[in-house]
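Over in Swiss-Prot, the protein carries these features:
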BINDING   D24, V25, G26, G27, S28, G29  ATP binding site
COMPBIAS  1-18  compositional bias 'Polar residues'
REGION    1-22  region 'Disordered'
Amino acid sequence: MTSTGPETSETPGATTQRHGFGIDVGGSGIKGGIVDLDTGQLIGDRIKLLTPQPATPLAVAKTIAEVVNGFGWRGPLGVTYPGVVTHGVVRTAANVDKSWIGTNARDTIGAELGGQQVTILNDADAAGLAETRYGAGKNSPGLVVLLTFGTGIGSAVIHNGTLIPNTEFGHLEVGGKEAEERAASSVKEKNDWTYPKWAKQVTRVLIAIENAIWPDLFIAGGGISRKADKWVPLLENRTPVVPAALQNTAGIVGAAMASVADTTH
């Protein structure tokens, strides 16, 4: 049975306004869980499986189905993807197989789940939704920008609670280089930079974004945000910067949020 809305953990398939289901697809792992949409907390444990190699659309879809079926979930679900997605169709592929490009991920994953309704969105966009509803950006009006610092730089823009998808600020040109070539945390590690030296590059990226859209708040995500005290105070841009609060659950939570929004509009 396919639900028309979010479910309860007690009765899979029942409709309520409390619970949703999210899947976070990463280069190394695919994880999912049931989310309490009132609190943004996971209900029970999540399930995490290794991302198949090669990470082709069908192989990933089958792994997603394993996670979903592990919970007995039969309602709509949200799935994050590490790249640009428009109208359910994948446009870029960085950490997954190139055969994703042009694939209707919504239909491919839905077919493996027997026709369950699937909402696909960029992974940073999912994290941005979660952080602005339940995390570091909660109760922050106006324009909020989430930046995830890792191998590259992911981005999400939320305006008064509404997602503006696929911003891809990591590819913004800053001083003749893409932003992520200048300030991804992987660049810091590769060059063995100190936090002060890396913070100068992050500042340049933040100022470039500020000059374009004048945000009210930056949220810094990615593993390096756990050490925000070592570098956020060194930033010299004008907009406040706060570390992400949800960390490893943000993708799952944001995906669950998106699935509910997709079924109620």
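Along the chain as shown, the residues are counted starting at 1.
Glycine is treated like the rest: Cβ placed from N, Cα and C.
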Number of Cβ atoms other than its own within 10 Å, given for S28 (ATP binding site): 10
Cβ contacts of G26 (ATP binding site) (under 8 Å, same chain, 6 or more positions away): T51, P82, N95, D123, G251
Distant-in-sequence Cβ neighbours of V25 (ATP binding site), under 8 Å, six or more positions away: T51, V60, I64, V79, T80, Y81, P82, V96, D123
Cβ-centroid neighbours of ATP site D24, V25, G26, G27, S28, G29, 8 Å, sequence order: I30, K31, T51, P82, N95
Around the Cβ of G29 (ATP binding site), the count of other Cβ atoms that are within 10 Å: 12
Neighbour tally for G27 (ATP binding site), based on other Cβ positions within 10 Å of its Cβ: 14
Reduced DSSP assignment, S28 (ATP binding site): coil
Cβ neighbours within the same chain of D24 (ATP binding site) - under 8 Å, at least six residues apart: I30, K31, G32, T80, D123, A126, G251, I252, A255
